[in-house]
Structures are given as C-alpha cells and as structure tokens.
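Participant: In case it's useful when we look at the structure, here is the feature table from TrEMBL:
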BINDING   Glu69, Asp85, Leu87, Asp88, Asp213  Mg(2+) binding site
Amino acid sequence: MNLNQLANNLNILCRSVGAFIKKEGEGFERSSIEQKGFNDLVSYVDKEAEQKLVEGLRQLLPEAGFVTEEGTDTTRGERFNWVIDPLDGTTNFIHGLPAYCVSVGLMDGDEVVLGTVFDPNRDECFWAYKGGGAFCNGSSIKVSDAPALKDGLIATGFPYFDFGLTQQYLQVLGAFMSRSHGIRRIGSAALDLVYVACGRFEGFFEYNLNAWDVAAGVIIVQEAGGRLSKFTGEGDVVFGREIVASNGSVHPEMLQTIGEFWKKPVA
Ligand code: 2AM
Ligand code: CA
Ligand code: CA
Ligand code: CA
C-alpha cells in the first residue's frame, strides 16, 4: 500500500468535510442538537460529516472497516480499520467557538499507520504516516525541545461526569499549575495532540477518551518525535481510554505528577 498517496487523498477528503462543518456552523441552530447522554451532545453536522467521510474512505480503501463515533458503519476490517471522529470538539462547535476539527486515523491491526487532523477554522491540516514524518499543511513539524515541565505548557480535558475522580483530578491540575507555564483546556483532544506534535504544547493528558478521539493524533505525535503512554507509563493509548502525550523530555515529570494524586477509579 502506498501510504503517501493514501495520505494525500485522506487530506483532501478531511479538508472537504471540514469545509462542510465550518459552513454549517454559520447560522447553526442550537435547537437542532441532540443529547446522547449527560454532557454528551451531537448534531446533524456530526452525523452528515461522518457519512461523507465513510463514503469517501470506502472508495480509498475498499477492504478497510470502520470504528466511528456516530456508528455510520460498524463493519470491522480483517486488517485495516478507519478510526473516525467526524467532528472533535462538538461542544465548541455548538457554541460557535472555532476550536474543532475532523480526525481520521487508519489502523493496520493494532497499530495506527496514517492519520489526518484538519482544523477548518485555522486551515491547518496535520498529517502523518508511519515512517514518513509529520506535517502541518506543507511543512514538517516536530515536538518542542523544552527540556523540563517548568518550561512547558500543558493541555488537558476535564472529565465529563464525576467518576468519583473529580477531587483527585483537581489535585493533579493544581500540581501542574504550580509546576509548569500553565494549563490549557481547548475541548478537542485531537487538536491537543497535534499541538503537542507541532510544539505548541509540551504535554497533554486526559482520562476516559475513545479511540476515535486519539487515533490520528497518536501517529502524528509519534512521527513528530513525541512520546505517548497511559498514566502508568505503558499500555495501549488508542483503546486504553487514558493518554499522556509529550515532547518526550517532560514525560517523566508528567507521569510523576499524575501518579502522585491519581488512583485508579473503582470500575
Ligand atoms: P467530541 O467533541 O468528539 O465529543 C475533550 O475533552 C474531548 O472529549 C473531545 O475530544 C470530545 O470529543 C470528548 N468528549 C466530549 N463530550 C464527551 C463525553 N460526554 N464523553 C466522552 N468524551 C467526550
Ligand atoms: Ca461526541
Ligand atoms: Ca472526540
Ligand atoms: Ca466527535
């Protein structure tokens, strides 16, 4: 398979779906949103964007299956699977906050080999494939060379409901506040990851994410020279539901800071 050519076609598709989302955001009626669960919003834009992606990706790689947030196609491929978040940052989108993106990764078995994250508001297309380096639009990107947490800007996402974890999460936040340049909370995990890849953030951590939130970002961070792990420092970050991404240098301090306060929830 020619991953470079597939990446080019994937970028074109993500750009076109991103343009659709941005267009629908103009004059978007909040009354059209649905609630999947507590603090779990979805709109017709998420669903239509996903349908467009699935249709386009079926043409690009007919043998691949799908893992998607809105469940347009649940067929699993024997080897290849597209992992799709059609609109990452739905809450931002619904509120007219221009911080959302399209995120699509391709898995070969249990490994992400290709990914694109497109932000239609900044017209930034982040992409990477295994062994090919990471890019934003036409330029090569790499993680920040800041050596220590005290020189770093750290991103996170807040838990959506209380697993009984809010207090320890706030303690982790407090520790990062005093040990880094600061904390940012954008509301799109895919953007958080690619901002680690291009050096805007030194690190990012979040609990309870899904594979579609992170698949594309994972390969982009890897190819940009970053490090990824679960909170414990190891484990599958795509389906593992928790992630730490960093420039590598600040990773040990991040794991240490999280580990001081984070005790596994009672399932
Ligand atoms: P979404 O916008 O695609 O739903 C930000 O913290 C991340 O969490 C985003 O990637 C967002 O993805 C996701 N997210 C938003 N609401 C969520 C919920 N109720 N449960 C789990 N993840 C959610
Ligand atoms: Ca969602
Ligand atoms: Ca998401
Ligand atoms: Ca989504």
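Just so you know, glycine gets a Cβ as well, placed from its N, Cα and C.
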Participant: May I ask which of the binding-site residues Leu87, Asp88, Asp213 have a CB within less than 6 Å of any atom of ligand 3, listed in sequence order?
Facilitator: Asp88, Asp213
Participant: What are the non-local neighbours of Leu87 (Mg(2+) binding site), defined as same-chain residues 6+ apart in sequence with CB under 8 A from its CB?
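Facilitator: The answer is Ile21, Ser43, Val45, Asp46, Ala49, Phe93, Tyr100, Cys101, Val102.
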Participant: For the binding-site residues Glu69, Asp85, Asp88, work out the Cβ neighbour count at 10 Å and name the residue with the minimum.
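Facilitator: Among the binding-site residues Glu69, Asp85, Asp88, the sparsest Cβ neighbourhood within 10 Å belongs to Glu69.
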Participant: List the residues of the same chain that sit at least 6 positions away from Asp213 (Mg(2+) binding site) in sequence and have their Cβ under 8 Å from its Cβ, in sequence order, or write 'none'.
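Facilitator: Expected: Asp85, Asp88, Ser103, Ala189, Ala190.
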